[in-house]
Amino acid sequence: MGSELETAMETLINVFHAHSGKEGDKYKLSKKELKDLLQTELSSFLDVQKDADAVDKIMKELDENGDGEVDFQEFVVLVAALTVACNNFFWENS
């Protein structure tokens, strides 16, 4: 059994690949796949977003190379940003 961090990394990889490739490139998330992933894995984050275009905005921000899809590296940027925000929130309120 790996460390907590190794397990977290494996989970991140598995979550990405569980949602990618249903509509094309198996190494990227389409807009629909990203939306499904966010609804499944980060539903409380989406619930807080009152903006109906939240997924479109997230997709636009993440898609650094402009190909209309989110690759693993671009996805990790989202997870890292959310993790930093959560860290700041939880440590400031503890």
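In case you wondered, yes, glycine gets a Cβ from its N, Cα and C as well.
Look at Swiss-Prot and you will find 13-48 tagged as domain 'EF-hand 1', backed by a curator's inference. According to DSSP, the domain 'EF-hand 1' (13-48) comprises 24 helix, 2 strand, 10 coil.
The Ca(2+) 1 binding site feature in Swiss-Prot is assigned to LYS28, GLU33. The Cβ of LYS28 (Ca(2+) 1 binding site) lies under 8 Å from the Cβ of SER20, GLY21, ASP67, GLU69, VAL70, ASP71, each of these being in the same chain and 6 or more residues away along the sequence.
If one looks beyond the domain 'EF-hand 2' (50-85) by at least 6 residues along the same chain, the residues whose Cβ comes under 8 Å of a Cβ in the stretch are 12-13, 16, 20, 24-25, 27-31, 34-35, 38, 42. What Swiss-Prot lists as domain 'EF-hand 2' is 50-85, and the listing cites sequence analysis.
What Swiss-Prot lists as Ca(2+) 2 binding site is ASP63, ASN65, ASP67, GLU69, GLU74. Around ASN65 (Ca(2+) 2 binding site), the same-chain residues at least 6 positions away in sequence with a Cβ under 8 Å from its Cβ are ASP71, GLU74.
When other Cβ atoms within 10 Å of the Cβ of CYS86 (S-nitrosocysteine) are tallied across all protein chains shown, the result is 11. Residues annotated as S-nitrosocysteine in Swiss-Prot: CYS86.
Every protein chain shown contributes to the tally, and the Cβ of GLU74 (Ca(2+) 2 binding site) ends up with 19 other Cβ atoms within 10 Å. Sequence-distant neighbours of the domain 'EF-hand 1' (13-48) (same chain, 6+ residues past either end, Cβ-Cβ under 8 Å): 54-56, 58-59, 62, 67-72, 75, 82. Excluding the listed site residues ASP63, ASN65, ASP67, GLU69, GLU74, the same chain places LYS28, LEU62, GLU64, GLY66, GLY68, VAL70, ASP71 with Cβ atoms within 8 Å of the centre of the Ca(2+) 2 site Cβ atoms.
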